[in-house]
Amino acid sequence: MGKDYTFIRNWISFHFMGNINNFSYCVVNAASGNLSAYFHNSKNIGIILWANIAFGLVSRLVNTFLIENVNSKLKIVVNCLFMSIGLIGVALSVYVNFGFCIAAIAFVGIASSFGESVILSYMKKFPAELVNGWSSGTGIAGVCGSLFYIAMVAAGLSNSTIFYMMLPTVAVYFLLFFFGLKVPNHLEEDRTDNHNNSNNSSNNSKYTEKQSLVKKDQLIEDIDDGGGAEVAPPGETKKQRYIRCARLVWFNAVNLALVYFFEYVASVGGADLALKKDPNNDNFFIANAFAIFSFCYQLGVLISRSSLQFVKIKHIGVITILQGINMVFWIIQAKYKMVTSVWVLFILMVYCGLLGGASYVNVFYLILHQKNIPNEDRELCINYAALLVTVGITLAACFILVMDHTFLASEVPKTDSSSST
């Protein structure tokens, strides 16, 4: 079926917003090796990942439970402010200390997590297929971010200059949301951003209205989910609604969290120690292996996040099992260095990204698509899944810190070389 101008316009806008939303976050991850080495904290590389995601968990909680009814436009303005503070802070941190750098990275992480939570919730106003535009944008952000950092370092630019150069992306993000996106007319009437969910002690008439909303949703195809929408009963309290929605998405959301835990342990904790550190080796690919691992991982994410138009995976649990096995391999590799070819490791990191991206795009597609989730509850269900993504990455950061200070401590370089400032 051909897509009209509005659909294409929105797809492009969501794509580039997804790219920008995760761009700074991905650059920080690619730079984490150099940043931790510059501050003589290679053993604490996990703290950078933790700062980049942990405070994002708080922002997701706030967006889900405290400011659910706040206008999305205001949220985006605030998010642009967070982006700017984070980038400027990281750029200035090389003149201060590691703690200041961590605080600035926290703002970068907040902007990425909060922005994702806001935009995914906002997408309930649009056809479910547009999640592919957003997901492919977030996927390409990793490729662009890691390539950008590798190229800038190769060009001899300092970390300060690199992060200052990223500031114009914030303005583009702002313009795309306010002037690029256009809510389809046939959805605008039924799905307003100011919809007030606070009065959950609804009467029978509202119960009937909810049933009708589910029945008239023409945007999505049927998925064999074993039944129709679980419409909220009359008199449902806010707490009861939270519990009911959690039950609707718990399986897919928990699988997504596990996949993210496994892949971040592999792509950060495992990849950082996957090769023997030799200061006398001037091979570009080995010297910059961690940043290149980040690129390979993000390349895999991009490919799989852009695959929704071609293949849809309903059995999410299979991806979780494969990623768990993959994580075990990378931990063993970090300890024993079994695979000596950096090129084989690069390919295996692409595979890691493929699994992660596939889980992400298919879980959110299912949430936006499944008939058993009422339209008015999709935003909350999306926020639950996004929240558990952050939980998975936060736990991964903590696990990496434990690994680097315990059974992998002997593999961490004892001396740190300064990177460019």
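Numbering starts at 1 and runs along the chain as displayed.
A Cβ is built for glycine as well, from the same backbone N, Cα and C atoms used for every other residue.
Note that the structure is a prediction, hence the values are computed from the model and not measured.
As recorded in Swiss-Prot:
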- 195-205: compositional bias 'Low complexity' (COMPBIAS)
- N159: N-linked glycosylation site (CARBOHYD)
- N196: N-linked glycosylation site (CARBOHYD)
- N199: N-linked glycosylation site (CARBOHYD)
- N200: N-linked glycosylation site (CARBOHYD)
- N203: N-linked glycosylation site (CARBOHYD)
- 190-211: region 'Disordered' (REGION)
- 13-35: transmembrane segment (TRANSMEM)
- 47-67: transmembrane segment (TRANSMEM)
- 74-96: transmembrane segment (TRANSMEM)
- 101-123: transmembrane segment (TRANSMEM)
- 137-157: transmembrane segment (TRANSMEM)
- 161-181: transmembrane segment (TRANSMEM)
- 248-268: transmembrane segment (TRANSMEM)
- 284-304: transmembrane segment (TRANSMEM)
- 313-333: transmembrane segment (TRANSMEM)
- 338-358: transmembrane segment (TRANSMEM)
- 382-402: transmembrane segment (TRANSMEM)
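Contact between the transmembrane segment (137-157) and the transmembrane segment (313-333) is not supported, since fewer than 3 Cβ pairs fall under 8 Å when only residues 6 or more apart in sequence are counted. Residues 9-10, 12-14, 16-17, 20-21, 23-24, 27, 31, 73, 76-77, 80, 83-84, 87-88, 90-91, 115, 148-149, 152-153 of the same chain, all 6+ positions outside the transmembrane segment (161-181), place their C-beta atoms under 8 angstroms from a C-beta of that stretch. Listed as Cβ neighbours of the transmembrane segment (248-268) (distance under 8 Å, sequence separation of 6 or more from its ends, same chain) are residues 29, 32, 45-46, 49, 230, 293-294, 297, 316-317, 319-320, 323-324, 326-327, 329-331, 349, 352-353, 355-356, 359-360, 363, 366-367, 372-373, 377, 381, 384-385, 387-389, 391-393, 395-397, 399-400, 403. Beyond the transmembrane segment (13-35), the same-chain residues lying 6 or more positions past its ends with a Cβ under 8 Å from any Cβ of the stretch are 42, 45, 48-49, 52, 83, 86-87, 90, 101, 105, 108-109, 111-112, 115-116, 119, 123, 126, 130, 133-142, 144-146, 148-150, 153, 159, 162-163, 166, 169-170, 172-173, 176-177, 180-181, 268, 272, 290-291, 294-295, 298, 419-420. Take the CB of N159 (N-linked glycosylation site) and look out to 10 A: across all protein chains shown you find 23 other CB atoms.
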